[in-house]
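For reference, the structure is listed below as C-alpha cells.
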Amino acid sequence: MDLSSFESNNSVSCRLASQIPDVCRTEDCCLGIDEAGRGPVLGPMVYGICFCPVSKKEELKNSKVADSKTLTEDERENLFEKLDEAKSYVGWALQILSPNTISTSMLQRTKYNLNALSHDTAIGLVQYALDSGVQLTEVFVDTVGPAEKYEEKLSKLFPGIQVTVRPKADSLFPIVSAASICAKVARDRVVKGWSFAEDLGEVDTDYGSGYPNDPKTKAWLLKYLDPVFGYPQFVRFSWSTAQTLMDSKGVTVHWDDDDEDREKAAQRLNKKSMLSYFGASSGSKAQNPTHETHRFFTERRLKNLNTL
C-alpha cells in the first residue's frame, strides 16, 4: 500500500487502489464497503471497498477475514498481506478523507454532514469500481444512518446490482470484513506516519486512541492548542470536543461591525485587529517592512489577496 500520494499533501482527500484483477472484469463480482476512523477527533476517516468474483466468496471466507475492530494491529496487517497476495482475484480501493476535508465540509456555509459525506464517498468508490470494468452484481454495505433508506438510495443509483445494507455488516459478510481491514490498515499507517505541516518541534505522538473521551487524546489536544489559530491539521476542528476546548482556552475574537473601520475598532477596544496577523504582501508599501506573516498562513500556503 503506497501512501506517498496522500503523504505529499495530507490536507486533502486522496484515492488509493490496487490493480484490477483480470478475472473481475469477466466474472460476476461482489463488493463490500466499510470505513475506519469515523468517530476519532484525530486523523483521517478512510473508506474502503474490496471486491472479488462471486465464485471466490468461499476462498475469501476461508482466509479468516473478520471485522477489523475485533483484530489486533498485527492480525490486521497479516490479513491485509493475505489479501494482497490474493491479487489475482481480490481488488481494493480506498478514499482517505483528511481531517481538514472533514472539518471544512461540516462547517461550510451550506452544511454537509458526516453522513452525507460518508454516503457520497461510498457511492464514489462503487462508481470507481464500475468505471474500472469490475462486473458488479452484489454490493454489501455497513450502514450509515437508517439501513433501509440507505439501501433504497444505493439501489436506485445502481440499478441491476443487488444491494444489501446492514448494521454490523463487517461481522456478517467476509467481503465487508476485507474492506474493513483495508480501511483500518490504511488509517493506522497514516496516523502512525503523520507528517505535521505546522512547526511544532518534536511532536508527542502519544495521542491515545484518538477518540474524544480518551484522557490521553484530550491532554494532547490541550497541549497543541494554539490560542489564536487553533489546532494542527491532524485535528478535526469541527468535533465538539475540539470546539469546546477552543472556546474555553482560545483567545476571544472581537468581530467588528461592518460600518466601523476594523483597525479603529481594535484600537478603541485596546486589542489587535485580526488584520494584524496578516503580513504585508511583497507588492505593497508596508509601513513595517520587517513584519513577517504568521506561520499559520505560510504553512497553509495562504497569501494576501489585494484584488479580486
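Yeah, the Cβs are placed from backbone N, Cα and C, and that goes for glycine too.
Per TrEMBL, domain 'RNase H type-2' is recorded for 28-251. Per-residue pLDDT, averaged across the domain 'RNase H type-2' (28-251), gives 91.
Around D142 (divalent metal cation binding site), the C-beta neighbours below 8 angstroms that are at least 6 residues distant in the chain are I33, D34, E35, V165, R166, P167, K168, A169, D170, V176, S180. Residues or ranges marked as divalent metal cation binding site by TrEMBL: D34, E35, D142.
Fewest Cβ neighbours within 10 Å among the binding-site residues D34, E35: that distinction goes to E35. Close to the recorded divalent metal cation site, the chain also has I33, A36, Y47, G48, V141, V144, A169, D170, V176, A179, S180, A183: residues not among D34, E35, D142 whose Cβ is within 8 Å of the site's Cβ mean position.
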